[in-house]
Structures are given as C-alpha cells and as structure tokens.
Amino acid sequence: MTNFHFRLGTEVDEALRAGRPVVALESTIVSHGLPRPDNLHVARRIEATVREAGAVPATIGMVGGRLVVGLDDAELTRLATVDGVAKLSVRDLAVAAATGADGATTVAATSAVATAAGIGVFATGGLGGVHREAAQTFDESADLVTLARTPIAVVCAGVKSILDVGATLERLETLGVGVVGYRTRRFPGFYLTDAGFDLDWSVDSPEQVAAVLAARRQHGVQSGGLIVANPLPVDEQLDPALHDRTLAEGLALLERDGVTGKAVTPYLLAHFHSATEGASLAVNVRIILRNADLAARIAVAAARTAST
Ligand code: PSU
Ligand code: MN
C-alpha cells in the first residue's frame, strides 16, 4: 500500500523527539522563487545559517509523491534542478501525493505540514498576500487563510511590494493572524525596509517571541499564526527608485503576457531578478538568511522555555 504519511529526515526526527530546536523552511522559494543555479546554493546556505544559530533545519517538500520534512541533500538537489516541480499549496498536497509528483511547498503548505510534524517556527523570505487588482481578480494567497488556522511563528520580511500591502494587513487582522515587528513598528516591504504601514506591536529579542508563543499556549485560546516581521536594515534594501521602476515594468508585463493565478508571484520575482541584473537577487538572499538566523534563535529560545 502506498504510504501517504510524511517522512521525517533523520536529524529532524531526533531533534523533535529530544525537544531540540527545529526550524521549518519552504521549498517554493528554491524551486520557483530563485533562479538556477543559485537556488540550490542558497538553499544550502539557508540550512547552514539555521545550524550555525543552533537549530536543525527542516526543509519541506514533496519527492515522488512523498512528503518530506527535512529533505536530504539529494532530495533538495532534485527539487532545485529538475523540471516540472509543481508549486504546492495546501489543497494540492493530497493530489500531488496520490499522483507521485515532485512538488515545492509554499508558505501555506509548509506551515500546515510543519505544524502537523510538531514544528513551531518557520523562516521564509516574504509571505504571500492580497494581490493588486484583487477586488476584480479575487487573487489572495492561500498563505493568509492557512495562517488563520495554523499556529506557527513565521519569520519573514513582510510581504512583497508586488502585492497590495495595506489590504494584506487588513486581511491578516480579520483572519486573526498576529503580526509583530522585530525591533520595529513599521511593516517591512520585503525588498524595502518599510512598506509604509504602522504595526501595533514590536518585539525586541528571540526570547520575547518565545514568551509570546508560551503565553499563547498557556492561554489555550485557539489561535493561528504569528508573523514576525523582520525588516532589512535601510542600507541593505533594494534602491527604492530601482524598485519602483522595476515593479511598474513588471506589472505592465504581467498584463501584456496575461499571467494569472499561481504563476503571478514567480513571474514577478523572475522579472525583478533579471531587470535589476541580480541586485534584487542579492537582496532576496540577504532577507532569507537573516530570517533563517532569527527563526533559529527563536526556536532555541522556545526550546529553552519549554524545558524549564
Ligand atoms: N516570497 C518570496 N519568494 C517566493 C514566495 C514568496 O520572496 O517564492 C512564494 C512563497 O512560497 C509563497 C508563495 O507562499 O510564493 C505565494 O504564492 P501565491 O501568491 O501564488 O500564493
Ligand atoms: Mn494567487
């Protein structure tokens, strides 16, 4: 009989059993969000960053229909290099499993699977959100509704400026998803340090995030995800003028080429990477590595809190 359960990587399995810190990582940024051949190299650097900060990385993806929590290097290589890797949101997981597909998990799918595996902290680059024109297209990332029912802490640099950031924040509020700035009260815009919106809450340390997670557990009030918004320092962001130009071009090309649905995010990211001649890629990589480091420090603090 086919086994549809997920496979835990050996190291992840051991760490979870021992209550040691684990950080979930997504594979869509590897397969669809970053250009080859940098993607594989970056995926390995993300994992190394988590390790250096004292946690075990668990990159999640689907290989030949098998969900894996903690891809090994051969599996990571496969998802980074093989053609035809599907982009999997939560609704796609069972179909992809039953048909034996290779697939990369989005923030939504990674959050859901990580939670099922008992992992409480997840690092990514930027969250999906409400697309511009959503009032007509209804295009809102499943990342939002999934986080409404999935109690995981997601460290990200806000949502990409390709989205309607204000509408995304409104939806997060409606859906009951917590949002805290890391050492800031301004919501970051991924490539940009500041997307132009205030936040109600900020936290100053990994220990404080761990305390938030512990308080939620103690309250026992049903809650969803917690977004830890970690902005790039201003001197590391993408040049705002270059950003605005590239975004305007990208949105026009999207319309010209009739790109819709789940292809929108990868299309715009690829446009940024080529139009900025790698500048956005370098920024993107910095964002992910910084988030991986912070997520690992949160996981370390949370494991310490849980064992005391
Ligand atoms: N942010 C990035 N790079 C990405 C994504 C987000 O910087 O590749 C991916 C994530 O996996 C996210 C997905 O969950 O895009 C959102 O896609 P959509 O808008 O189709 O839901
Ligand atoms: Mn969409």
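Using N, Cα and C of the backbone, Cβ positions are placed for all residues, glycine too.
As annotated by TrEMBL, active site, proton donor applies to Glu26. For Lys87, Val107, Ser141, Ala142, Asp143, the entry in TrEMBL reads substrate binding site. Positions annotated as Mn(2+) binding site by TrEMBL: Asp139. The active site, nucleophile annotation in TrEMBL covers Lys160.
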* Between the Cα atoms of Ala142 (substrate binding site) and the residue listed as 'active site, nucleophile', find the distance and write it as a whole number of Å. => 15
* What recorded positions in Glu26, Lys87, Val107, Asp139 place CB under 6 Å from ligand 1? -> Glu26, Val107
* Inside 10 Å of the Cβ of Val107 (substrate binding site), count up the other Cβ atoms and send me the figure. => 27
* To do: Of Glu26, Lys87, Val107, Ala142, the recorded positions listed, which put a C-beta under 6 Å from ligand 2? Please answer none if none do.
  => none
* Which of the three DSSP-derived classes (helix, strand, coil) applies to Lys87 (substrate binding site)? -> strand
* Asked: Out of Glu26, Asp139, Asp143, which of the recorded positions is least crowded by other Cβ atoms within 10 Å?
  -> Asp139
* **Which listed residue (Lys87, Lys160) has most other Cβ within 10 Å, given these are recorded positions** => Lys160
* To do: Reduce the DSSP letter at Val107 (substrate binding site) to three states and note it down.
  => helix
* Applying the rule Cβ within 8 Å of the centroid of the Cβ atoms of Lys87, Val107, Ser141, Ala142, Asp143, what extra residues of the same chain belong around the substrate site? -> Thr28, Ser89, Thr106, Ala108, Ala109, Leu127, Gly128, Thr146
* Sorry to bug you, but what's the C-alpha spacing from the residue listed as 'active site, nucleophile' to Val107 (substrate binding site), rounded to the closest Å? => 13
* Ser141, Ala142: which of these binding-site residues has the sparsest Cβ neighbourhood within 10 Å? -> Ala142
